[in-house]
Amino acid sequence: MNMLLAGLLSALFAVVCLGEWHLLALPLVEAVLVVAIAVVLFPNVTNGRRAFAAVAALLSAALWWLQPDAAPDALIRAAGNAGMIGAYFCALATLQYAAGLDPSVTKAGRFLASQPPGRRYLSLTFGSQLYSNLLGYGAVTLLGSLASANAQQETNPEIRYHRRRRMLLAIHRGFCSVLTWSPLTFSTAVILSFYPALSWFDLALPGIGSSVIIAGTGWALDTVFKPKLTTAAPPREVQGTWALMMPMVWLFLILAALVATLYSLFDVRIVAVVMIVVPALSVAWMATQRGAGSPPLWRTCMTFLAQVLPGYKGELMLLMSAGYIGAVAAPLMAPYLGAGAMPQIPPWLMLIGLVWLVPLLGQIGANPLLSVALIISLLPAPETLGASATAIGVALICGWALCGMTSPFTANTVLVARLGEVPARKVGLGWNGPYALITGGLLSLWVVAVWAITG
């Protein structure tokens, strides 16, 4: 199964790249590959992942039955959306794999986790933002594991609980703050794919403002409402210096410079640039780690393709199915929704509603990728709503970030809960609930400000 899946994913990656770079469009081939990948994945994933695939199949059949004339084009577009998401995931996975081979990544993470209380939250938030750009939600796994191991060394159970909780929250919120602007996140990729006229720069500039609100509010609340301990925490030795962070900083700067430069030079989507730059930089990173006794570079790459990439089968099924469902469900629902109802809502109120709708759907298990794809597909054109595509994109991406903090079903919340040894709902609504309400209010005001500026 592994070799077959690796071959299909490699072919999908090549086809999507050719299309994204306007070299050769093969929508039918892409659709066939998406179906083949789903068929291979289906017997090898959990029942929860199979449910997503089953829903996708049922919706496809319903669309073909109810709208036979429109179904072929709609299904091919939905398959193209799923294919882009799958290929994009494969590209990002290469960077996570390369990072896992470099011991300096773990050393830098251990340094961040060993910071004293006065600067630990900010350090871990900064580190989580940096790592999240390079490792995706793997940053939560790596930094969270190191933070938990650091807290576990504390013998006082009261201090241990609060230290671990505060460190995990800093990492969790730092990760979510990156979702609002980074081109290496699915949130940005999905929104830009639905609004082709919207450039990454249009979304990134206000997205950085959203990121500052998310990270800054977390730090402020942690500082103001720090727990009062019955016993003072003993001083701990910091493991290393800030010099340990420099390899990661340089890698991020190189990655950002390459992506921004190529995106400025070529008339392609940011997804196309990321899908070329990230794998190339990952291979270069792996090449710099060669030492005595290391396997050849080609063998390391083959290990990724044949062993590591198929290991993401659950994530691939979930993300590709969610992207497909969001695209194929919209034409089924559109006839039953009042087309004239949405424009009657004041634009600023509609935008605030979008900020809160995504996290609310997350509470009932809706993946934010599915929610956002479905919402955008159902929304009328931005000009009919009285809001720019930028304002709508910022509102939805803020909602995506809030969903990542509060939904007990998202991967990062589940990871934090496991590391914190508490239920996922306690992390989402207990630890993050009051913070999310305050942050959501500030983000709502920010989105209205973006609308006032961009129209």
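Every residue gets a Cβ built from N, Cα and C, even glycine.
Lifted from TrEMBL, the feature list:
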type	residues	note
TRANSMEM	29-46	transmembrane segment
TRANSMEM	51-67	transmembrane segment
TRANSMEM	170-197	transmembrane segment
TRANSMEM	242-264	transmembrane segment
TRANSMEM	270-288	transmembrane segment
TRANSMEM	316-336	transmembrane segment
TRANSMEM	348-379	transmembrane segment
TRANSMEM	391-415	transmembrane segment
TRANSMEM	435-454	transmembrane segment
Would you kindly check 170-197, 270-288, 316-336, 435-454 and say which stretch has the most C-beta pairs under 8 angstroms to the transmembrane segment (29-46)?
316-336
Chain residues in Cβ proximity to the transmembrane segment (435-454) (below 8 Å; excluding those fewer than six residues from its ends, i.e. six or more beyond)
169, 173, 206, 209-210, 213-214, 217-218, 221, 347-348, 351-352, 354-356, 359, 387-388, 390-391, 394-395, 398, 401-402, 405-406
Beyond the flanks of the transmembrane segment (51-67) by at least 6 residues, Cβ under 8 Å:
38, 41-42, 74-75, 78, 317-318, 321-322, 324-325, 328-329, 331-332
